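Student: So that we are looking at the same thing, I have put the structure below in structure tokens.
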Amino acid sequence: MYKPVSLFLFFLILAAAIHTNAVQSADEAISKAAVLIRQPWLNEVMTGITHLGASSFLLPLIVIIGAGMFFYRKTWDGLLMLLVFGTDRLLNKVLKEWIERVRPDFAPLVHESSFSFPSGHSMNAACVYPVIAYFLVKHLPFLSKHKKMVYIIAGVIAVLVGISRVYLGVHFVTDVLGGFSLGLLLFFLVKGFDEKIKRFRQK
């Protein structure tokens, strides 16, 4: 349980730090620097990447994978994926409304209307892609042989989504880090819970 606890503590530290002048100044400096490196072709690439963390993309993806699990009589795992995604979305919404951090205002390339901390797309990506990787490795033998690579791919996708949020001007770096910490926290909780259920069934 040390990983979820560490991630939760990291999130709490970030939530407090974003109200300090030093962190806010650093966030703004990075966001301004991101604007300076923009290129038309990169704008399109980052806009495409950011959709990988959108709920409108991830929910159908989870439903499709969940349907496949149901077909192969892995109903519990499919339901667990939906449950963790729902928890992810609810937790993010509640925290944004509670913390009420205003988004950066440095020529954003996409429109967002909710509050900024923690980043929802980053939280989605850091939670959902590792969870998908976990269940794919669990049920597909040919992927279980390449477990490390599957998790690396999931991690790379999450990191790219986080970078895209800063590049597009809709989040500060600390928003992304906050989203990552909570997303990974949920992943480790789901993984640990599923492994305990598995051990219980084997008794």
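FYI, residue positions are counted from 1 along the chain as it appears here.
Glycine is treated like the rest: Cβ placed from N, Cα and C.
Not measured: the values here are computed from a predicted model.
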Student: From Swiss-Prot's topology annotation, check whether TRP76 and HIS51 share a side of the membrane.
Tutor: no
Student: How big is the gap, in Å, between the Cα of HIS171 (active site, nucleophile) and that of HIS121 (active site, proton donors), rounded to a whole number?
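Tutor: So the alpha carbons of HIS171 (active site, nucleophile) and HIS121 (active site, proton donors) sit roughly 10 Å from each other.
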Student: Taking a Cβ cut-off under 8 Å, which residues six or more beyond the ends of the transmembrane segment (120-139) line up next to it in the same chain?
Tutor: 50, 52-55, 58, 61-62, 65, 69, 72, 74, 77, 81, 84-85, 88-89, 91-93, 96, 114, 147, 150-151, 153-155, 157-158, 161-162, 164-165, 171, 175-176, 178-184, 186-187, 190-191, 194
Student: Just to be sure I understand the packing, how many Cβ atoms besides its own are within 10 Å of the Cβ of ASP175 (site 'Stabilizes the active site histidine for nucleophilic attack')?
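Tutor: Summing over all protein chains shown, ASP175 (site 'Stabilizes the active site histidine for nucleophilic attack') has 30 other Cβ atoms within 10 Å.
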Student: At the Cα level, what's the spacing in Å between ASP175 (site 'Stabilizes the active site histidine for nucleophilic attack') and HIS121 (active site, proton donors), rounded?
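Tutor: It is 10 Å, counting Cα to Cα.
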Student: Which sequence-distant residues neighbour the topological domain 'Extracellular' (18-55)? Criterion: at least 6 residues beyond either end, Cβ under 8 Å.
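Tutor: Sequence-remote neighbours of the topological domain 'Extracellular' (18-55) are 89, 99, 101, 104, 106-107, 109-110, 117, 120-122, 124-125, 157-158, 160-161, 163-169, 172-174, 178.
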